[in-house]
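Here is what Swiss-Prot says about this protein:
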type     : residues : note
ACT_SITE : 72       : active site, charge relay system
ACT_SITE : 138      : active site, charge relay system
ACT_SITE : 234      : active site, charge relay system
DISULFID : 36-194   : disulfide bond
DISULFID : 57-73    : disulfide bond
DISULFID : 170-240  : disulfide bond
DISULFID : 205-219  : disulfide bond
DISULFID : 230-255  : disulfide bond
DOMAIN   : 30-279   : domain 'Peptidase S1'
CARBOHYD : 100      : O-linked glycosylation site
CARBOHYD : 109      : N-linked glycosylation site
CARBOHYD : 122      : N-linked glycosylation site
SIGNAL   : 1-17     : signal peptide
């Protein structure tokens, strides 16, 4: 379920070596999934934008004029597509919008993100700077230039009314990367992909990743590996037992590794911020 990229594989300077531990991707991705039923995810948005290069993320329509995505999907020249299933065909259901304003969560560490995106670094600097780094609050609201028309293929997804439970059955969707093979990193699916897995305890993710896993995050995936979101899926929805609960945020690289589930923003904790931001800027 990935699309172009906002992918971060942390490469080191000098010899071109990489960290001895797993690389980090600040973008979730879809591995081990299947083609979603057409328009079964009518709230799904595809975002294309620029930030040094062309990039892609997912998003969620939470209001007729607002899309929720990940803060690390920040960029310029956004194009938002809704009602899309197959990127390779002209679909009459597609609505295209531009973004008139963007509102990343004020507590998201954009300085740390920019450092991660812009630097080639030696091993010592990498671990000193990013071991235990906190990428909480990875949310951003995008105001569209005009409201979209709600149809069978374009629908608003309701915010959660209660927290998810560990053990819930969840799925995530997107056009992000579908291969764990980095030689195929630019081979992205034309059709919207879905993958299903389980909501795990945060302790399981805390032991699996070098970034900090906080109470503002959700841990989801298969401990056996092989099923995951991937590069290009970031910002897309995590739906657990039929309820919108998370936004795809980050995970290990390559995607879908055994013992390394993905990390999602816990949307329930941000309902007030989402509602207040929309009310203040509509």
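Glycine residues also receive a Cβ, built from the backbone N, Cα and C atoms like all the rest.
Features as recorded by Swiss-Prot, highlighted on the structure.
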| residue | record | Cβ contacts under 8 Å, 6 or more apart |
| --- | --- | --- |
| 36 | disulfide bond | 85, 173, 191, 192, 193, 194 |
| 100 | O-linked glycosylation site | 143, 144, 145 |
| 109 | N-linked glycosylation site | 133, 134, 135, 136, 137 |
| 138 | active site, charge relay system | 70, 71, 72, 105, 108, 247, 249, 250, 265 |
| 205 | disulfide bond | 213, 217, 219, 261, 263 |
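DSSP classifies residue 72 (active site, charge relay system) as helix under the three-state reduction. Separating the Cα atoms of residue 240 (disulfide bond) and residue 73 (disulfide bond) is a whole-number distance of 23 Å. Each residue contributes its Cα atom, and for residue 57 (disulfide bond) and residue 234 (active site, charge relay system) these two points are 5 Å apart.
It is 23 Å from the Cα atom of residue 73 (disulfide bond) to that of residue 170 (disulfide bond). Distance between Cα atoms for residue 170 (disulfide bond) and residue 234 (active site, charge relay system): 16 Å, as a whole number. Of all the Cβ atoms in the protein chains shown, 24 others lie within 10 Å of the Cβ of residue 170 (disulfide bond). By the criterion of other Cβ atoms within 10 Å of the residue's own Cβ, the least surrounded of the disulfide-bonded residues 194, 219 is 194.
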